[in-house]
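**Q** One structure is given below, represented as structure tokens, and several questions about it will come after.
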Amino acid sequence: MALEARLRLPLAGPTPATAFLSGSNPKPSHISFSLKPASTSLSAANAPPPIVVVGSANADIYVEVDRLPLVGETVAASAGHSLAGGKGANQAACGGRLALGPTYLVARVGDDANGRLLEGALADAGGVRLDRVARAPGAPSGHAVVMLMPDGQNSIIIVGGANMEGWAPEVDQEDLDLIRQAGVLLLQREIPDWVNIQVAQAAKGAGVPVILDAGGMDAPVPRELLELVDIFSPNETELARLTGMPTETFEQISQAAGACHKMGVKEVLVKLGSQGSALFVEGEEPIRQAIIPATEVVDTTGAGDTFTSAFAVALVEGKPKKECMRFAAAAASLCVGVKGAIPSMPDRETVMSLLESVQAE
């Protein structure tokens, strides 16, 4: 399928972050993250390599309800509105706000009003390079219905649209060249598995770490894809679905993570909601991270994407794994206080301020 021409922007970034992929780390005694410079003139020699997100972009239709409808029932929403979202767009927006180096999104949107909504929202989010976002003629933009409950929890139905139908049979060579220069490649499961496999192969061949967020399709993850992934990041529900094992206790989660290791994934980063997160590196003791409590929980829609992206930001900067998890926990804590996924993404200074305040307690 022909895709329209896009603006070409220069790539940036030195050596990928492969050296940071193995080993557990002690809890840091101080915050070692630097502030994001006010000027964008940070030289390529000093900036971390780019974060590349290949994934979905959706127009999220939010409806606020007291409860989910029963089968055959109609319920009234107290409010409704449209916001930009999709796991790929969410993670790119978060990276754009947190990363010292550039963040690129590789995605497909429709040539329609929702596509323009998505492009505008990502441009407004700041820090996301959009020259690899293409409009796919003949396919509508992906969209989702987000049913938001008063406690901030949600249920989501997605319509793939251009996310699933807008890709050419072979991923563009320029997209693959960009991926080979990345510090990390972030993937999710709201685009075809064959696209994820092609881009993961390119990353693997160039020594670029691959993080796969399990969110999206509820179909089994192809073994071919899992074997290309360095860090697999499910929540406990997704982990149970993938492995067919219970995940109600930490011991059960540990055993399910071990099953993932046997499938070829060396590291499993599990998001545990109110119980925090845990990183299971094959052959090592788990690294656990408690949540950093949020002042107020308004909307949890983008929390998992914020966590995964913030973890990747810290990883590219060469931080120890425990520190990556703390940075991610702080970012996720801040994002649940604002309605909408992309609007809720925190900036770097706010995350650092929260980490400093927590450390001072």
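Using the three backbone atoms N, Cα and C, a Cβ is placed for every residue, glycine included.
As listed in TrEMBL for this protein:
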ACT_SITE  D305  active site, proton acceptor
BINDING   N58, A59, D60, G86, K87, G88, A89, N90, E190, D305  substrate binding site
BINDING   N235, K271, L272, G273, S274, Q275, G276, G304, D305  ATP binding site
BINDING   D299, T301, C335, V338, G340, S344  K(+) binding site
DOMAIN    51-347  domain 'Carbohydrate kinase PfkB'
**Q** What is the set of residues, excluding N58, A59, D60, G86, K87, G88, A89, N90, E190, D305, whose C-beta falls within 8 angstroms of the centroid of the C-beta atoms at the substrate site?
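**A** These residues sit around the substrate site: G55, S56, A57, A84, G85, G142, A144, A341.
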**Q** Which of the binding-site residues listed here (A89, E190, G276, S344) have a Cα atom within 10 Å of the Cα of D305 (active site, proton acceptor)?
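**A** Final answer, ordered: A89.
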**Q** Please list residues from the chain of L272 (ATP binding site) whose Cβ is under 8 angstroms from its Cβ, counting only those at least six apart in sequence.
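**A** Expected: N235, E236, I253, A278.
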**Q** Looking only at C-alpha atoms, tell me how far E190 (substrate binding site) is from G340 (K(+) binding site), rounded to the nearest Å.
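**A** The Cα atom of E190 (substrate binding site) is 18 Å away from the Cα atom of G340 (K(+) binding site).
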**Q** If you average the pLDDT over the domain 'Carbohydrate kinase PfkB' (51-347), what number do you get?
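**A** Within the domain 'Carbohydrate kinase PfkB' (51-347), the model's average pLDDT equals 94.
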**Q** Taking the Cα of D60 (substrate binding site) as the centre, which of the binding-site residues listed as S274, G340, S344 lie within 10 Å of it?
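**A** Within 10 Å of D60 (substrate binding site): G340.
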**Q** Among the binding-site residues D299, C335, S344, which ones place their C-alpha within 10 angstroms of the C-alpha of A89 (substrate binding site)?
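**A** So far as Cα distances go, none of the binding-site residues lies within 10 Å of A89 (substrate binding site).
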**Q** Compute the C-alpha separation of G340 (K(+) binding site) from K87 (substrate binding site), stating it in Å without decimals.
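**A** With distance taken Cα to Cα, K87 (substrate binding site) is 12 Å from G340 (K(+) binding site).
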**Q** So of N235, S344, which of the binding-site residues has the fewest other Cβ atoms within 10 Å around its own Cβ?
**A** N235
**Q** Just report the maximum Cα pair distance in Å for the recorded substrate binders N58, A59, D60, G86, K87, G88, A89, N90, E190, D305, no decimals.
**A** 16
